[in-house]
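Notes follow the structure.
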């Protein structure tokens, strides 16, 4: 066996793996056979077919040759006709000049005949008769065979041959040639171009055939020339029919009849096809040409369904910036344009700048039509009106992926609905998550009133920005109301940026502290410096505090009416004398009720005194002299540089504002230990980590149910818990992940523990365990199954103990058969709660901003009717925020997420706007950056005097930057509008009597209503005695009586509603002692002033005001209105290293 194995020969080199890798080719190849593979049959016929028909480039050459040949035959026919003399006899000799066209026609006929026969042979498919009876083959035979016969039979050379019919063969050759051209260059053929070409060729062929035929047949008649025949054909086909030229013999007349019949059959079919293609092209939008894309700038807007509101918001905001006036907007939408959008795009203002293309983003062909690879930006918007918002997000994600795959260098601006889908589009340049912003804004509205209005006005481009140029164009400037003029003027403030070295506003403060620069820039120029960004750092810091020293390379972010580049610096005499600089208003503004100052929490501190706080905490008390309590005549100046020796270190996780770690949140029942840390369970991927107040141990799921007791506690209503602070109730359809962003800002570490408001989630559908796992670590967060349209659910969740009720728009109602009816149920439910609980602050989210006019609707309120007229006037003037004067929006009690679409649009010009908005709302936290908070201005603080002095006070003491005022004042009606004051001073005694009766015996409501109606009747009888007074006084008295009667009716109606609420509370077993008559706030209005003038006075008649607080527990965060104790709840200072 071993011998046999030894005799086995080695493998040849070609079978060795080593030689195969090394490529050894030294072995013989005598046994190899070379094989050639052919795609087509290697026959003479197949090769000819490949050259003449199959190959695009060679067949294109054949088509061009054939087309040229047919045109040449037509041209030779015209030359022969023009050189022919009908008067000459047939036997007469002809010159060489006359015979040359004949010889040329014979040669061309031979070539055409041979080409036709060859193509017929190559295209033969088994049926010879089908090819013979083709119209093109018959025309070829008619026009070529007679010429070939004349070569062998000279006697028939004068026979008439209709060579002009070759024009129809030239038309067919041209169509085939165009098709081969598109095949050769590998581009899709335009059906519209082909149809227009066919129509033009058909018209030319009809005119040429009629001209040549009539000219030849009329040789026996009037002997018309070619031009005369052409003139006759044009007049006839155009249906003009002058009658000066007419055919005389019957053959020519018959030809005219035949040509007219052909024209009546062929041309309408061609025009019908052309019109159909034109209409289809209008629907699809055509193409955005490559030449335009290379010479002009354009952006692409991708949407699922284009609504008129979305389109106008985008166009108004996009073209509000001067440098975007030359841009084009290409809209790529898969649906057909509706009638309203079509009408808008036909307006000359938009028709020249907006191009609508019907197509899908997922098709590269449609992206090529929109020239996406050459676009300056691509905006991808989600369809928020879809019932399934998750499916809408999935479509948006696919669109973003498709654009990134097709045009990787095109900047992407993506709008997403659900926060859990945000990480799929992290590659986009700018992303706005709707639910993140919505819930964070609604949460801040509860602690910082009108945050939604503040942010909305900042991200909108208002006509208020032209305050220094066109006073008559600003919103509300023609209104007789002072608050509307101030509010409209301040609405024009926006956020801008500029480098310190390039700025006149901030250049002189190079090397000074941030707080010093902010105060003096506001004092001198009226601009509000809110943030900074280092050249070597991409993070924006809001109010970094006095420890930040301004550098020439820093980028400043400031709030102003317009950017510095558009500002003119005019120094008046008052400024030269050192007087206060004039702001945006003509004089000091009197603001007679309580105000809220919105400010940025400081991130650095300079403590001059670290003694424990005294009993005057919570007030902006004036400094004392020698401890005597007397006020100094002025406020301490703002330091140029922070005193680093007085800046004490602090621990981020410590909070000396709370003496112990145990906080009693229930009325003598139990105590809860709070800690500070990051939430352990995030409900979705991509949520920003935020330091919060947390429970030391997670609460069991059973303890999160507000209306049901468990083995840990037996509380079944909000009253039993004994909360010290007012509740915040959130009404939502489902417990989505967006609610997590509502809870986090209200449990942020800088909120003092003793000021945390209990949060109750009133959900239509019970939450799942995944959501409960995310919220069980937060203190005083509960949920309850119920709806706002059920009074029992509202009472059980503790609405009478609530300070704010947030009504979130339900996804199931976002779509309706009539678009604007999507908010109907929400509006009616909120109106019911407004009537039942008039003092409750209800913050409502709507789908459509135009429905804001129905919030807190009063049909007989003259003031509301006057505001409606003002809104219509502002809309006619072209205002982008015509609804801004509606009282619910001005007060921050109504909000629509669609108003934040402009945030994404503005990011194209201001790429920092999304980041600043996220920092303001607390969605992102940057080390060293401040936060939005609120501060109370009480009656004891009025010694400060003006907003400018308050700015100095905050900068010099707590290094905080105020950015606006939230003001509440009484209704002020204009007599010019025939409005009636809602003051009820004349019936104050009646109100007092009614209050006493309500306090003594709540069951007297029917009697009180009867007395009220008797009072109203007596008032109506008194009006008869006032007939003899003057006409003006009688009119005023009648208005006063009507208003008193209305107030009495309203109060009597409220008595009945109050009795209804008490009866339901008794039925549910709830104590009625907690429910007292709510104060009616119908006689007040609130609004926000962004960056008002320094000379705006702070005058109060009511001392009940909301506050702006700073976080007590970070190295740079402290509460406004507290004094001198570092990192305590009573601190005036806040800092963050």
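Placement of Cβ uses the backbone N, Cα and C atoms for every residue, glycine included.
Automatic prediction, not curation, is the source of TrEMBL annotations.
TrEMBL assigns the feature transmembrane segment to one of the listed ranges (174-195, 196-217, 284-305), namely 196-217. Between the listed ranges 25-46, 135-156, 311-332, TrEMBL ties the annotation transmembrane segment to 135-156. Between the transmembrane segment (64-82) and the transmembrane segment (249-271), the number of CB pairs under 8 angstroms, six or more residues apart, is fewer than three, so the stretches are not in contact.
Helix, strand and coil residue tallies for the domain 'RCK N-terminal' (725-865), in that order: 60 helix, 29 strand, 52 coil [DSSP].
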